[in-house]
Amino acid sequence: MTNIRKTHPLFKIINHSFIDLPAPSNISSWWNFGSLLGICLMIQIITGLFLAMHYTSDTMTAFSSVTHICRDVNYGWLIRYLHANGASMFFICLFLHVGRGMYYGSYTFMETWNIGVILLFAVMATAFMGYVLPWGQMSFWGATVITNLLSAIPYIGTTLVEWIWGGFSVDKATLTRFFAFHFILPFIITALVIVHLLFLHETGSNNPTGLNSDSDKIPFHPYYTIKDILGVILMIMFLMTLVLFFPDLLGDPDNYTPANPLNTPPHIKPEWYFLFAYAILRSIPNKLGGVLALILSIMVLMLLPFLHTSKLRSLMFRPITQTLYWILVANLLVLTWIGGQPVEHPFIIIGQLASISYFSIILIFMPIAGIIEDSLLKFD
């Protein structure tokens, strides 16, 4: 008799996705981050659901409700810090996952890649709105500054901002709608993840060499299920260390002060995972130009399939582009550092140079390096 997992309509889908899925035999630990992101999403949805049971989205009580969760709810402090630091883990895994895709040429799976970029935007939007909910100083002013950027859109900008605010400033209406969107978006993200996997399983996984691996496939279970479990254990150990020993390490002390529209914090800055984009935004003196650069800093990922000039897919055998890739990584770390610094000399010029080099490496130097490497390898 055929196994039920191969015949049952529901189990069959799970079987083809996680059990009998043919996977390349040589995928490294860099391929673990997809499953880790799935675990992160589950952690965020579960902890978020329990937080939503006790949270009130009203300007008068939002801050106190978060305090109440931490003080009075059973293990409320754990749920709250798991959710806050879980977001950081989510972004660490996201950046590594995208970086892996860039290094090994996974962007040639265009549907999978583009849905991945849309997912990145959706997760960033969700995280931004989640940061507003505790209604601390940085929540309020972060929301004010970032939503205000839309006023740079010609003609409709101011109207659009007031429409998003639901009034003439960030207030109760804004907080309520941000809570509503923050609640619904993770479920939209889950649906997008399923589509992301659907397109991935149409082509099969890439591998470190970038070569076709159809002739050398192994079943996902038990090989990669065990490998993924190891990754999950390591990630949870790291997350729990963060939550139980350094819960406020990545947060801003200003957010422990209730929101006050009459008092602006000295340095308004987002969470660490947005700092690179914030640095790019600030490096352009023009408001509309800054907003466009901010959007393009992520949108540029969608151009990667068209900027690929080499006949080799992966960077495994391409030392020149490899060097450029690691310069790009260092450059992003510099941008992250600059995003957290005040707008003064020498940080302004460093930020501008780092922003120019970010776009130059991706749009100019990497495609040229691909052509040079092809000529050196005498492919013609």
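Each Cβ is built from the backbone N, Cα and C atoms, and glycine gets one as well.
Annotated transmembrane segment per Swiss-Prot: 33-53, 77-98, 113-133, 178-198, 226-246, 288-308, 320-340, 347-367, in sequence order, evidence recorded as similarity to another entry. Residues annotated as heme b b562 binding site in Swiss-Prot: HIS83, HIS182. Summarising the annotation, Swiss-Prot assigns heme b b566 binding site to HIS97, HIS196. Sequence annotations record features per position, and here Swiss-Prot assigns ubiquinone binding site to HIS201.
With respect to HIS201 (ubiquinone binding site), the closest of these binding-site residues in Cα terms is HIS97, chosen from HIS83, HIS97, HIS182.
Listed in sequence order, THR112, ILE115, GLY116, LEU119 are the same-chain residues at least 6 apart in sequence whose CB falls under 8 Å from the CB of HIS196 (heme b b566 binding site).
Between HIS83 (heme b b562 binding site) and HIS97 (heme b b566 binding site), the C-alpha separation comes to 20 Å.
Under the criterion of 3 or more C-beta pairs below 8 Å, with sequence separation of 6 or more, the transmembrane segment (347-367) and the transmembrane segment (288-308) qualify as touching.
Using a Cβ-Cβ cut-off under 8 Å and counting only residues 6 or more beyond its ends in the same chain, the transmembrane segment (113-133) has close neighbours at 48, 55, 57, 62, 66, 87, 90-91, 94, 98, 101, 106-107, 139-140, 142-143, 146, 174-175, 178-179, 181-182, 185-186, 188-189, 192-193, 195-196, 199, 270-271, 273-274, 298-299, 301-302, 304-305.
Every protein chain shown contributes to the tally, and the Cβ of HIS182 (heme b b562 binding site) ends up with 21 other Cβ atoms within 10 Å. Sequence-distant residue pairs (6 or more apart) of the transmembrane segment (33-53) and the transmembrane segment (178-198) include at least 3 whose Cβ atoms are under 8 Å, placing the two stretches in contact.
For the transmembrane segment (226-246), the most Cβ-contacting stretch among 77-98, 178-198, 288-308 is 77-98 (pairs under 8 Å). Outside the transmembrane segment (178-198), and at least 6 residues removed from its termini, the chain residues within Cβ reach (under 8 Å) are 17, 37-38, 41, 44-45, 48, 52, 55, 57, 112, 115-116, 118-119, 122-123, 125-126, 129-130, 132-133, 143. The Cβ of HIS97 (heme b b566 binding site) lies under 8 Å from the Cβ of PHE33, GLY34, LEU37, each of these being in the same chain and 6 or more residues away along the sequence.
Each of the binding-site residues HIS83, HIS201 was scored by other CB atoms within 10 A of its CB, and the lowest score goes to HIS201.
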